[in-house]
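Lifted from TrEMBL, the feature list:
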type	residues	note
ACT_SITE	TYR133	active site, proton donor
ACT_SITE	PHE419	active site, proton acceptor
BINDING	ARG100, ARG101, GLY102, LEU103, MET104, THR105	acetyl-CoA binding site
DOMAIN	5-165	domain 'N-acetyltransferase'
Amino acid sequence: MKKAEGYRPISVAEERLDEFFDVVQWAFVGEWLREDRQDYVDALPVERARALEVTDARRGRVSEIAAVHASFGTEMVVPGGRKVPTAGLSWLGVHPAHRRRGLMTRMIHDHFERSLARGEAVSVLYAMEAPIYARFGYGMGSQTVKAEIPRGARMWAVDGADDLTVRLERASFDEHDELVAGLQARLDRPGTVINAVGSGRNARFTDPVGNRRGMEKWRLAIVEDAGDPVAYAFFRRHARSSVGIHDGVCQVREHGSMSPAASQRLWQTLTDFDLVETTMTENLATDDPLLHQLRDPRGVRSKVIDNLWVRLLDVPTALEAREYFHDCDVVVEVADKHVPANAGRWRVRVAGGDAQVSRTDDAPDLSMDIRHLSQCYLGGTSLEALVRAGLVREHTPGQARDLATAMLSPVAPLANWDF
Ligand SMILES: CC(=O)SCCNC(=O)CCNC(=O)[C@H](O)C(C)(C)COP(=O)(O)OP(=O)(O)OC[C@H]1O[C@@H](n2cnc3c(N)ncnc32)[C@H](O)[C@@H]1OP(=O)(O)O
């Protein structure tokens, strides 16, 4: 029997969601509280939930679900502020009794085929473990700073920050979904994965009791300029103390700001709660305004890790969807063993910010695997750096720099919510 034989892919009907969730709990190591079920249902893009079901008794009980995944149908901001139809892969898990039989590989192929059929030119994901996805052509498209900011960290003053007001409220899907989605849709940072109103129904409001571990229910900070929302952040606190000293923490999840002043007002608020000594960030871009505004950058304990993994599914459509910042004419040879339609030579002609991408038989200037092109797509990694790392081959001197200069983004890419 071949590795992945004895299973078949299926769409998961609502009545089988508990089986889907059972595999998720086995794969992600956890036991959910019964009261949290609806929260998970609301966070799942149910109409795009997929699974592998056992069809051969030598694999397990026939018709049991052995592996699952789902994806968010969305748009992602690309360099220049345009948007590209994107599939956000998530909920990927294989029951431990069925692992290392190629089920993940089979599900990723299923995901690629279905995303392409829907016209989604790019797939993105957050990785639980970083070494897994390069083999499928995903490249590390953006990085994030995980920072611990001490209470009251001083910042360089930004005009107008003091004039803004802040509302602090318990996050509520009914009350805040449109407000948050409206602000997020205005972000122009490449890598922003739009979580539209109602998408995955309420993924950004997910708040299972079993995950709180002493933390508050998620709260929302909303910065306003004369009543108009200009920044938001999901946050929650945890009161702690030892030997009579209060050293509580504040955790910040999705956040976004429309202006430098709004960003400053937001972070002043998030880093100055009574009884809270440390604010921990997620989803902070490597050039987030906060990092430039802090007077003592070394006073922030931080670590840079991978944020979004990016995979071009349709090379010409994806490349033509974004803006470029330097004219060039480069022939790129791409290797892609999972999506053969991408493999081969592409002429990338950039003029006035737009690319035209077409098939060619001309000799290549650069050769690379799809994961390296994908890694550079959002403009956070230089192709020339990958040549220097020995991962991309340059056949025509100077062409890596030309394409790198065209593709690099003036601001670092980032996805501001973890799907
Ligand atoms: C996008 C997201 O949802 S991220 C969340 C991913 N899910 C998890 O981390 C949950 C826990 N883990 C699991 O459910 C599973 O072990 C998975 C999904 C990571 C892997 O599923 P499997 O069906 O065992 O993977 P599969 O058999 O297709 O492996 C394909 C290749 O990836 C490799 N691989 C699988 N898991 C890992 C890993 N954790 N680290 C490194 N390599 C891995 C395999 O060794 C195999 O390599 P090969 O092609 O050289 O033989």
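Keep in mind that glycine also has a Cβ here, set from the backbone N, Cα and C atoms.
Rounded to a whole number, the C-alpha distance linking the residue listed as 'active site, proton acceptor' with ARG101 (acetyl-CoA binding site) is 26 angstrom. Between the binding-site residues ARG100, ARG101, ARG101 has the most other Cβ atoms inside 10 Å of its own Cβ, all protein chains included. In the structure shown, across all protein chains, LEU103 is the one of the binding-site residues LEU103, MET104 with the greatest number of other Cβ atoms within 10 Å. Close to the recorded acetyl-CoA site, the chain also has LYS3, ALA4, ALA67, VAL94, HIS98, ARG99, ARG106: residues not among ARG100, ARG101, GLY102, LEU103, MET104, THR105 whose Cβ is within 8 Å of the site's Cβ mean position. Taking only the Cα positions, the spacing between THR105 (acetyl-CoA binding site) and TYR133 (active site, proton donor) is 10 angstrom. Per-residue confidence over the domain 'N-acetyltransferase' (5-165) averages out at a pLDDT of 97. In this structure the C-alpha atoms belonging to MET104 (acetyl-CoA binding site) and TYR133 (active site, proton donor) are separated by 10 Å. MET104 (acetyl-CoA binding site) falls within a helical segment according to DSSP.
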